[in-house]
Amino acid sequence: MQLKIYNSLTAEKEIFKPILEGNVGMYVCGPTVYSNVHLGNVRTFLSFDFIYRSLTHLGYKVRYVRNITDAGHLTDDGDVNNDRFVKQTRLEKLEPMEIVQKYTVDFHKVLDMFNLLPPNIEPTATGHIVEQIELTQKLIEKGFAYESNGSVYFDVLEYNARGLNYGELSKRNIEELFANTRDLDGQGEKKNPQDFALWKKASPAHIMRWNSPWGEGFPGWHLECTAMSTKYLGETFDIHGGGMDLKFPHHECEIAQGKACNGASPVNYWMHANMLTMNSQRMSKSTGNYILPMQLVSGENDFFEKSFHPTIVRFCFLQAHYRSVLDISNDAMLASEKGFSRLMEALKILNSITPNDEKQSGFSLEDWKTKCYDALTDDFNSPVLIAHLFEAVKFIFALKDDKETISTKDLEDLKSTLNAFVFDVLGLQNIEENNNEKLDQTLQVLIELRNQARKSKNFDLSDQIRDKLLAEGIELKDGREGTTYVLN
Ligand code: AMP
Ligand code: ZN
């Protein structure tokens, strides 16, 4: 089985060859924790969660690193008033690290809700200031960077003069870039408008600041990812991911920093996830065209007619390939909900099927498995994989109606393969099973409260608990072993 990955750098689907056989080093740009993540951000992280799960399922040992951007997210014009942390700090009158903590916790809660697995390492930009200063020094020593008025910039023209190619990922022509960029940043501090900041001098108003050989300041955004990916995955590693919008300038700058520092391209396979749109417009905080994950799950929004369980949202997202744009809509969510319950029903039916070793089945399990793995290894094609899973669903319903048969061996194989794809690879959750567990836990609490009421001779309350549950169709039965319940 050969895994093919679309490499944004070469714009081709390539056969995946890891640096160390059987192992994968993967870095994905994490969130800037200055506000709540919106559903669009979730889509990108979910795409890479699916890729991580798929690689693991295919037998790779993955070291998955996803950072937290918690230092000043430098804007193009370098204006301190545009630093996202400073802005939000003023607004909420909190310490910058209080903002960071608040939204990091929120980010984890949201990803947990959608059943995303945690990365193996989750480094923060503020925890790697020393490494970023060292990288900046190295770039100055090698002649790729220069200091100007307490800030340090990467010299894009020098980089190109040495035969390296700034713009290779975004396929931008340097002359074009020069013609189209205005020098807004640093009031003439830069040699060329395309030069980007590695280290930025902190103005008196800037709260997040660190000592450096160039005075007090803070690191540039692009540098943190180079520092952290190099530290945990090496100078060249297998996969780097992020949203499509990060290709330029963020990832372009990462390539330049890596090549300038180490003489080699830092990443073998660049993977970019496409955008989530709503009303056919990219979801984004700045335009106001966004929905927060909790608003969708709770139903408190004006866009969707009802609330949807996070696993339905996950299923909906995975029905689009990670490189395609996905427009979220009420109809798409309703269709996902319907498809999801059919899938869960099929899994339930599978447990009650009696195999038949005498009759020949019209369904070839081997062919079906091959098709599923072909889809998964074809650049992680989740919609095609899901379509194949539904062929199995159709077959299971035919088994139920005695229109098909299956051997004992195939039945076990189908069960384990389908369960692995649905729960391990797609990361879906069985809502019904979870609900049953919750119901049981809740009833145990009520039984305990009723016992306490009886002990303290509060029979009014204990009878009320019993009668109200009975009215809801839940009968409590007192026996020698304690109290049990029956759902009528
Ligand atoms: P940020 O916190 O702004 O750096 O964004 C975190 C991640 O979300 C990045 O990888 C972005 O590319 C991604 N992202 C932002 N907007 C969208 C969107 N509408 N759809 C999918 N991904 C997005
Ligand atoms: Zn990054």
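Glycine is no exception: its Cβ is also placed from the backbone N, Cα and C atoms.
TrEMBL assigns the feature motif ''KMSKS' region' to one of the listed ranges (262-266, 282-286, 367-371), namely 282-286. The feature motif ''HIGH' region', as given by TrEMBL for the ranges 31-41, 174-184, 372-382, sits at 31-41. Within the group of binding-site residues (His250, Lys285), the Cβ with the highest number of other Cβ atoms inside 10 Å belongs to His250. Minimal Cβ crowding within 10 Å, among the binding-site residues Cys29, Cys225, is found at Cys29. Residues Cys29, taken from the binding-site residues Cys29, His250, Glu254, Lys285, are distinguished by a CB atom under 6 angstroms from ligand 1. DSSP states for the domain 'Cysteinyl-tRNA synthetase class Ia DALR' (371-437), grouped as helix (H, G, I), strand (E, B) and coil, give 51 helix, 1 strand, 15 coil. Taking the mean position of the Cβ atoms of Cys29, Cys225, His250, Glu254 as the Zn(2+) site, the remaining residues of that chain whose Cβ falls within 8 Å of it are Trp221, His222, Glu224, Thr226, His240, Gly242, Leu246, His251, Cys253. On the 0 to 100 pLDDT scale, the model's mean across the motif ''HIGH' region' (31-41) is 95.
The local packing around Glu254 (Zn(2+) binding site), expressed as other Cβ atoms within 10 Å of its Cβ over all shown chains, amounts to 25.
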